[in-house]
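Here is the structure we will look at, set down as structure tokens.
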Amino acid sequence: MSNDFLFTSESVSEGHPDKVADQISDAILDAILAQDKYARVAAETLCNTGLVVLAGEITTSANVDYIHVARETIKRIGYDNTDYGIDYKGCAVLVAYDKQSPDIAQGVDRASDDYLNQGAGDQGLMFGYACDETPELMPFPIYYAHRLVERQSQLRRDGRLPWLRPDAKSQVTVRYVNGKPHSVDTVVLSTQHAPEISQEQIREAVIEEIIKPVLPSHMLAETKYLVNPTGRFVIGGPQGDCGLTGRKIIVDTYGGAAPHGGGAFSGKDPSKVDRSAAYAARYVAKNVVAAGLARQCQVQVSYAIGVARPINITVYTEGTGVIPDEQIAKLVQEHFDLRPKGIVQMLDLLRPIYGKTAAYGHFGREEPEFSWEATDKAQLLREAAGLAGEPVKAFA
């Protein structure tokens, strides 16, 4: 890729139907983990007009009212009126959970290669990524796409823009010059709204109250704004589209700036490496960049079901590393335990912490629950690499 280019990422709000499904799945996971931290959970959700379907595989000693959890999640998001197409009080909730297959459980409970550890819950490949485009070490486009829909939610909830409704989408196109974010080329923001508000009022409020307070002002000189481009967005949420768990995996991660292994996160307990290993790979990549070993870092790990140790740990810095990628990979293997149980212990994942992750991104957020965002191994990596002093930060 040329050093001068446009790159786009999108995000969606908590009221987007797929995110409603993700949040219900993770709320159920949290409710179970609060009682049984060793539960095996794969909670899938479908939501449509007036209907929620809960299915998947759960093995637990916990006693959870799944219907109540689903309704409370819908209420918290803001779907509390039948005019919105789904109302927490009156929607139908169907529950169809099975137990985890014993064939899978035997490989997870006792790894074939490591009797002191648990095996991976499935085969698969996972990626982690970090770069120095923002203080959070996230790609600029996805970071700000998240902040836009988060701002939409804040203004809806505090009543400053009372005509806003829960469903919204953002898209940020950034112009890169010499490989660094230079300016914001285009912002798309579509928000569900009350029927009586005019398009002109929506456009002015969205630009002045949502977009401009969020994006860096020095990057907006020639920005194009596309606000509700269809001209009307009254019908939204699960009424506008059927929502499913795990259908926003690029929104959940790096906005397309890094590869994705294909496995979704929400509703899965940390024995599922789709989730826990992706979190660990982000933790590794962020510490590599925070240590000043590279300006950007992509980490791939892969697993076989029932086997504890990763098949591979590969680091790629796209030529930005100050030491060879192979040397960074060796440091990662020495200082990070990427076996499933090692990840769980390293990041303290057997906690009911997942509800917050289900909207506005799993990465790049300074929340106390997000242990994978810590940079506590950066100095250790720097010293192990033989580098002196503190790393130089180079944010856009």
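Backbone N, Cα and C define each Cβ position, glycine as well.
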When you get a sec, could you say which of 12-22, 100-110, 364-374 is annotated region 'Flexible loop' by Swiss-Prot?
100-110
Taking the Cβ of K272 (L-methionine binding site) as the reference point, list residues of the same chain whose Cβ is under 8 angstroms away and which are at least six residues distant in sequence.
A42, G121, D122, G263
Can you tell me how far the Cα of A168 (ATP binding site) sits from the Cα of D18 (Mg(2+) binding site), in Å?
12
For K268 (ATP binding site), what is the secondary structure state per DSSP, taken as helix, strand or coil?
strand
Nearest recorded site to K248 (ATP binding site) by CA-CA distance, among binding-site residues D18, E44, E57:
D18
To the nearest Å, how far is the Cα of D18 (Mg(2+) binding site) from the Cα of E44 (K(+) binding site)?
11
